[in-house]
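See below for the structure under consideration.
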Amino acid sequence: MSTVDTIRGRLDALPDVGLVVGFIGAIWAVMLVLAIAVGGANWANLAAGFVGSVTVLIGGYAILALALNLQWGYTGLFNIGIAGFMAVGAYTTAILTAPTDPAAGAVPGLGLPLWVGLIGGMVMAAIVGGLAALPALRLKADYLAIVTVAFSEIIRLIVNWDGLAEVSLFGVPVGTGGATGISFKSANDVASTLINGVGQPLVTAAEGVGVSGPNLANLTYGILLLLVVAASYWVLARITDSPFGRVLKAIREDETVTQSLGKDTRLFKIKTFMIGCALMGLAGVLFRGQAGYISPQQFRPTITFYVFAALIIGGSGSNTGSIVGAATFSGLLFYLPARLGENISLGGTRAPGNIVDAVAGFASLDPAPLLAYIISNVSTLRFVLIGVVLIYIIQNQPDGLLGHRNEPATSVSLDRPQSGSGGETDE
Amino acid sequence: MGIAEFARDGRVVVGERPGAAVVAAVGGFLLLDLVAKLAGTTVFFVGTKLLGGSLTVSSLLSMVVDGLLVGLAVGLAGIGLSMTYSILDFANFAHGDTVTVGAFLGWVAAYITAGLGTGAPIAELFMLNSGRQLSTVSTLAPVLLGLVVAGVGSIGIVLLIDRLTYRPMRDTDNISLLIASIGVALALRYLIAFVFGTETSGVASGGLRVTVFSMISVTDNEITLLVVSVLLMLGVHLLLQRTKLGKAMRAMADNEDLARVTGIPTERVIRLTWILGGGLAGIGGYLLVLESGTISFNFGWILLLLIFAAVIVGGIGSIYGAMAGGILIGLVDSLALIWLPSGLTRASAFLVLIVVLLLRPSGIFGGVSTA
């Protein structure tokens, strides 16, 4: 308790912007140190690659965690169909923006500009979210969870179905590409054009210290994503601070009371669900479709659970916590272990191909094969770590890092003044 | 209990009628279509095909048998999910991975005992990739041993998980427990991937093919699945009807505090719930692999939503409901092929799940908690 409380106390003392910038800066610093440690002469390029990838991950998960926080943290809607709503947004954008004359074997789209596609994707994700919410929101939280996860799997199976791979819609050929996916003009292309056009001097300067163009473009894209995060944060803060937001918090605390005060809670819940789904759709295309290509494989339910892990680590109910949680999850639990595993070698011991050989070495008091096996499989083991962290947090710190700042439904503080002796402050 | 309240909720009842009418209409149409298909006629309406087509009786029967077999295993696995849902009051998302763990433990045991003396290296046997295909007829003893190990092993695992994860959180709300189970699911699944890798291994194939009524063709492995799961379901039935345990479980599902006041050792009932549910899940997974022939680290996770569908269709908390729901969902999953392209059949099972949750959240049998 005490160490967590100390950390919490220090976190509380910082202003929110400082907290988030400090957190992301710290993760960047860790990546930089890792790159210097393993990169040798090539460290600058490696560092740019690490920092760029981790920034994209942080940005993607932060948007998703913010969206989930609006639904779950503020309103108590337990949506585990995130992957499905991401897929709706991403596929809509892809179909709207894919070129009308694609490369051989690819699926044609409508060839619209990217901004139309992004808006279309968000609108479609909101509509589908609304359609799902309309009947489902009267269900208990755990039933809603099962309905949404089943719904997301149905969406994935439909876009995966080869019957929709290429169809004619009012004479225009469009489609989802089935299991092979669909290519479209991605936001990443925009970032590359930007950095190679306006930012040309920057590219030259970066190449001077050995950072490659693609790595710089990736980093630029990550920073653009962080700007989207900042914009989403601003919008959500506006929403949750408004009278509308107060009703949402009241629904989370006690829906019956809110109803008896004359609020049509169903309407509030549906609206919230739709806003959250729109944001998830946006994240679907910006995050999963970064490379200008999406396929059904990218929208498996597991990504939903990663977003939950990120939000729970940060603390549900707090927008700042969502971003900090996303940074902690994607930087320290998801990305860092994999890079460590790739770059640590055990002085010549080659990793055995399977666990039996690894343990066999252990029997003759040689732990090296087992260690080498563990290191070469760190990218698998990090998911065990994520699971264990999730269990630990829910058991011991259900508020996460910042969830204790869960905003109350009242506009004035109802906290009792702190008593001097500090006896029963804990609820 | 929440479900009972739900059934009584006036709005649900009012909303139920149009929904039920649509379901009945769709069901009726599909039935008519099936009859037309079997008769080999096609009905046209204003130039477009309305219903009908062609379908042979034997291919229909083989679909029914397939669905029935998968459904039995799903029902077996669903018993545990239904019990923990009603007694501990949370949706256990780690249940699918319990199925996987049981299957892996059982198959490793079966594979090693079957391979001893054949000179195959132990590492290949343990990793289930020596390429040997077991069947009930050719290797009866190892297959039966694997069955026992799958049950006992998964019981051990779920008891350990309960001790470490759920027991410290007995009094917390069901969403926290659900999230903890998601953590358990992730950890279990990737521990299996760490030990056994992420490739799919072929471990079993039927050794003998029997033709029944000169129409249905089943393998010895499929018969094993049928016999074992029916016996186990019968066993569960007797256990719950003839012993005090069943009554205690019903009491706990209804009101835990009251059960404790009455002197029911709630902690012991919870332990027995895990033992029964975990063991059946492991055996269900083992039998599914015996039938399908392949095993991979995430097959239980993929199966989980189907198990949820079975449990919810049958009514949460009802063990007979889980069995019947499993068979029903298995049949839906398999028979959907008559009307849907193969890529979408699984979606139909999920659609049934959603429709039942929306129209009749207490399950199609009315949510009688038979324990």
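Cβ atoms here come from the backbone N, Cα and C positions, even for glycine.
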Key: transmembrane segment range according to TrEMBL, out of B:269-289, B:332-352   = B:269-289
Key: Of B:67-88, B:143-162, B:174-196, B:269-289, whichever stretch has the most CB pairs under 8 A to the transmembrane segment (B:223-240)   = B:67-88
Message = Are the transmembrane segment (B:174-196) and the transmembrane segment (B:100-123) close enough to be called in contact, which here means at least 3 C-beta pairs under 8 A that are separated by 6 or more residues?
response = yes
Message = Could you check whether the transmembrane segment (B:295-313) packs against the transmembrane segment (B:67-88) - three or more CB pairs closer than 8 Å, residues at least 6 apart in sequence?
response = yes
